[in-house]
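Scroll down for the structure; my scribbles are underneath it.
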Amino acid sequence: MLSAAEGILLCVVTSEAVLGVLGDTFIALANCMEYAKNKKLSKIGFILIGLAISRIGVVWIIILQGYMQVFFPHILTFGNITEYITYIWVFLNHLSVWFATNLNILYFLKIANFSNSVFLWLKSRVRVVFIFLSGCLLTSWLLCFPQFSKMLNNSKMYWGNTSWLQQQKNVFLINQSLTNLGIFFFIIVSLITCFLLIVFLWRHIRQMHSDGSGLRDLNTEAHVKAMRVLISFAVLFILHFVGLSIQVLCFFLPQNNLLFITGLIATCLYPCGHSIILILGNKQLKQASLKALQHLTCCETKRNLSVT
């Protein structure tokens, strides 16, 4: 039986998940409709569709595993349920982070303007960067799937053996780190590109101020808005993996639903918050969302009039 605090936090997690799924579904549908209309899909459009679809799967897996862990923890030890969930999770989570990294790099190379020779080389060879990241993703999958299979087999064999669990704490943490090396690489690349873009925008704003453009200059406002979006993304991105770390640590603790659900809240903040940030920060998505809201409002008004 859940306590009042645990019940409230679980409602918060569920709300985050619903908002995240709705936001990502809208992003995917809007870009698919744009492709159907123009018969052409940009790199950003392709990345947004892939990011939205993979993140919908990630959210469903997080919620499914979270509810099972809270209400039916013993089900996870039956058959191959844990194994199937883990494999799907690894595939979708790596793919989601890969798409997010590609999106950050694409925005970085498109917006930033450094005189560094490495940056100029990367900017002229965007396709090479994507191919390299694709190779990193495949390598990460090939390395982590066998390791996860070994970890799951060991946990099945010794499940319930308290002494074995105590002995395997350090081994488990090392294995978790090794299996997530690919994720760590993409996280570092995303945060570095995000930081460099923030630095570029900050320098550009200072340069515009020194030239006497003023705070109300449209370009300055756009740059400030972009900086806020980037900082929000970085915070949510970090919180997502902090939440995942909390869930992993719960493996070593007696059943603590409050801590576990807190980890779920932090984990679900990123897919929910980032989808909203993408919609508000993208002109086409923002216009499409406003049209959708206007359409829903009109439908609701007509429905109320017909009832009366």
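Heads up, residue numbers simply count up from 1 along the chain you see.
Backbone N, Cα and C atoms are what each Cβ position is placed from, and that goes for glycine too.
Residues of the same chain lying 6 or more positions beyond the ends of the topological domain 'Extracellular' (1-7) and with a Cβ under 8 Å from any Cβ of it are 70, 257-258, 261. As annotated by Swiss-Prot, topological domain 'Extracellular' applies to 1-7 (among others).
Feature annotation from Swiss-Prot assigns transmembrane segment to 8-28 (among others); the stated evidence is sequence analysis. With a cut-off of 8 Å between Cβ atoms, the residues of this chain six or more beyond the transmembrane segment (8-28) that come close are 2, 48-49, 51-53, 55-56, 59-60, 62-63, 66, 70, 258, 261-262, 264-265, 268-269, 271-272, 275-276, 278-279, 285, 288-289, 292.
The average pLDDT computed for the topological domain 'Cytoplasmic' (29-43) is 87. Taken from Swiss-Prot, the feature topological domain 'Cytoplasmic' applies to 29-43 (among others), supported by sequence analysis.
Within the chain, the transmembrane segment (44-64) has long-range Cβ neighbours (under 8 A, six or more residues past its boundaries) at 13-14, 17, 20-21, 24-25, 27-28, 31-32, 34-35, 85, 88-89, 92-93, 95-96, 99-100, 102-103, 106, 264, 267-268, 271, 275, 278. Feature annotation from Swiss-Prot assigns transmembrane segment to 44-64 (among others).
The feature topological domain 'Extracellular' is assigned by Swiss-Prot to 65-94 (among others).
According to Swiss-Prot, the N-linked glycosylation site annotation covers N80 (among others), on the basis of sequence analysis.
Summarising the annotation, Swiss-Prot assigns transmembrane segment to 95-115 (among others) and lists sequence analysis as the type of evidence.
The annotation topological domain 'Cytoplasmic' is assigned in Swiss-Prot to 116-127 (among others). Same-chain residues lying 6+ beyond the ends of the topological domain 'Cytoplasmic' (116-127) with a Cβ under 8 Å from its Cβ atoms: 43, 106, 109.
The transmembrane segment annotation in Swiss-Prot covers 128-148 (among others), and the record cites sequence analysis as its basis.
Per Swiss-Prot, the feature topological domain 'Extracellular' maps to 149-180 (among others).
If you look up Swiss-Prot, you'll see N153 (among others) marked as N-linked glycosylation site, on the strength of sequence analysis.
Residues or ranges marked as N-linked glycosylation site by Swiss-Prot on the basis of sequence analysis: N161 (among others).
For N175 (among others), the entry in Swiss-Prot reads N-linked glycosylation site.
The transmembrane segment annotation in Swiss-Prot covers 181-201 (among others) and is backed by sequence analysis.
Residues or ranges marked as topological domain 'Cytoplasmic' in Swiss-Prot: 202-232 (among others).
The annotation transmembrane segment is assigned in Swiss-Prot to 233-253 (among others).
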Selected stretch (most C-beta pairs under 8 A with the transmembrane segment (233-253)) from 95-115, 128-148, 181-201, 259-279: 259-279
Under 8 Å Cβ-Cβ from the transmembrane segment (128-148), and at least six residues away from its ends along the same chain, one finds 86-87, 90-91, 94-95, 98, 101-102, 105, 109, 122, 175, 178-183, 185-186, 189
For the topological domain 'Cytoplasmic' (29-43), give the DSSP counts of helix residues, strand residues and coil residues. 11 helix, 0 strand, 4 coil
